[in-house]
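According to Swiss-Prot, the feature transmembrane segment maps to 1-21, 55-75, 76-96, 160-180, 186-206, 225-245, 251-271, 290-310, 388-408, 433-453, 462-482, 523-543 (among others).
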Amino acid sequence: MHALPLIGIAFLLYAFGYFVYSKYLAEKIFQLDDSRPTPAKEINDGVDYVPTNKWILLGHHFTSITGAGPIVGPAIAVIWGWLPAFLWVVLGAVFIGGVHDFTALVTSIRHKGKSIGTILGEYAGEKARVLFLLLLLALAILVNAVFAYVISLLFVKYPSSVLPAWLVIPLAVIFGFSVYRLRVNFLILTVIFLSILYFGIYLGSVSPIDVKPLAESLGLSPIMLWIIVLFTYAFFASSLPVWVLLQPRDFLNGLQLLILLILLYIGAVIANPKIVAPAVNLNPEGAPPIFPFLFITIACGALSGFHALVSSGTSSKQLEKESDARAVGYLGFMGESSLALAVIIATTAGIAMFSAEKFQELYSSWSSIKSSSLVAVVDGGANLLGAVGIPVDFGKTVIATLVVLFAATTMDTSVRIQRYILGELGEIYGVRLLTNPWVASGVAVLTSMALVLSKEGGKGGMVFWPVFGAANQLLAGLALLIGYLYLKRVNRPTLPILIPMIFVLFITSLAMAMNAWNNLMKGDLLLFSVSFIILLLEMFIIFESFRAVRRAPAF
């Protein structure tokens, strides 16, 4: 089997998903109507609610949902074979993941841009709302803590990525000011700034920045120094108006990823490498069973509950008109899925273009690939870029830089979402300080830092990461449940939401229960307790939601 047929099949399905299935959802299920004002136009506070061109907003949404998830997850999951990973990434995206993101986005704009936690309260009561918001808050803190550590680790491992990763920030501020205040030609600016960013990647490859001497002079490890820098940046980035940094940075990053994806796929078409991984491998050494763990290992690229936080947290507050939700919510997810597909191609075929034994070396066991997944992606992707004439070492710098950029984008979007959640909790409990964006951002950063520092070396978030995959997908199931409740309330067809909702809740509840049992058997009472509490919260929210369905008439 070679890579080209897989690429062709996948993109035919993506095209069907966007041009046919998302159109059906938009017109027949949600009945999008551009005459209905969006929250961005109704509120338009110039800070969080800002009507935005759909392609710029797509850039923000795409880069915020992407992060490292669709890279690491598929890179690990192909240990069970390329076929299960391929089917879940492509079919899952078309019929579940894209539906989930689109549903969360539309449901939020129909509720004044409120988060899915607040929307749940309207249907299932205040108690369910508060518990769900607390669950969302805990997941956001975990994402921030883990991504801060992972980005810092990447900066240390790939010092060539430091310069281009930080160069994008001042450039994005200048870009945003030029577009929104000076009204400079958008296309000309885009070409100029992209050229500067790619030159920055070249400079990074020839002038890597090692912060070890500075860190040691401050009595810190390089990783801890970067963690402090990242959270300082996130504090300001999450508090500033979205047009100042968030939108232009994410638009520029999104274009960089789009260009990289195009080059990767051109390289794959030119080289058409042979897939050296087995189609199916049910018993890899040390791996958990493929069912249900495939569905939570690939936690992005096929489906991700974190996307509901982005859709209802930042993107819904910037949507200019309802019809834009198809491009932002659904097409944005197809973009992420295409990245996950590129990772599958890179790790199962690109990795072996110059060494047939490389795949077996990296995928010899579950523990081996869990510690080497990014190596597999960077090396395999660089080989594919080599097919279009890009030197392999420079290709590694490009890929490592973009992994860092998207992880950082996800992190500061997550801090902003955490600020929104804290603000909502402040309104519920009358804590007015939390409704101040700067105060809420400070609390968000401090709580995430507290988790980081709870374990030596900044690894505090990694302690809880084993439960994230299942918890993230449970959140996706609950977000679909909220979309179902909305459609039920307005008397619209619910089957396209109900079927994926039942599937996701069943699969991920089973995985969470198995994780809880395994942790109990290993004597890890902390992770067992966390898993058990999340399962109880899920059952309570589902129970309260269906009680609400029974007692609330449609209108």
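The backbone N, Cα and C atoms fix where each Cβ goes, glycine too.
Bear in mind that the values here come from a model prediction, so they are computed numbers and not experimental data.
Highest Cβ contact count with the transmembrane segment (251-271) among the listed stretches 76-96, 160-180, 186-206, 225-245, 290-310 falls to 186-206 (criterion: pairs under 8 Å). The highest tally of CB pairs under 8 A with the transmembrane segment (1-21), across 55-75, 76-96, 225-245, 290-310, is held by 76-96. Taking residue pairs at least 6 apart in sequence, the transmembrane segment (160-180) and the transmembrane segment (225-245) share three or more C-beta contacts under 8 angstroms. Here the transmembrane segment (76-96) has long-range neighbours at 1, 6, 9-10, 13-14, 16-17, 21, 275, 277-282, 284, 287, 290, 294-295, 297-298, 301-303, 333-334, 336-337, 340-341, 344, 347-348, 363, 366, 369-370, 373, 500, 503-504, meaning same-chain residues at least 6 beyond its ends whose C-beta is under 8 angstroms from one of its own. Among the listed stretches 160-180, 290-310, 433-453, the one sharing the most Cβ pairs under 8 Å with the transmembrane segment (55-75) is 290-310. Only residues 6 or more beyond the boundaries of the transmembrane segment (160-180), in the same chain, are considered here, and those with a CB under 8 A from a CB of the stretch are 154, 186, 189, 193, 196-197, 200-201, 203-205, 207-209, 211, 233, 243-245, 247-249, 251-253, 397, 400-401, 403-405, 408.
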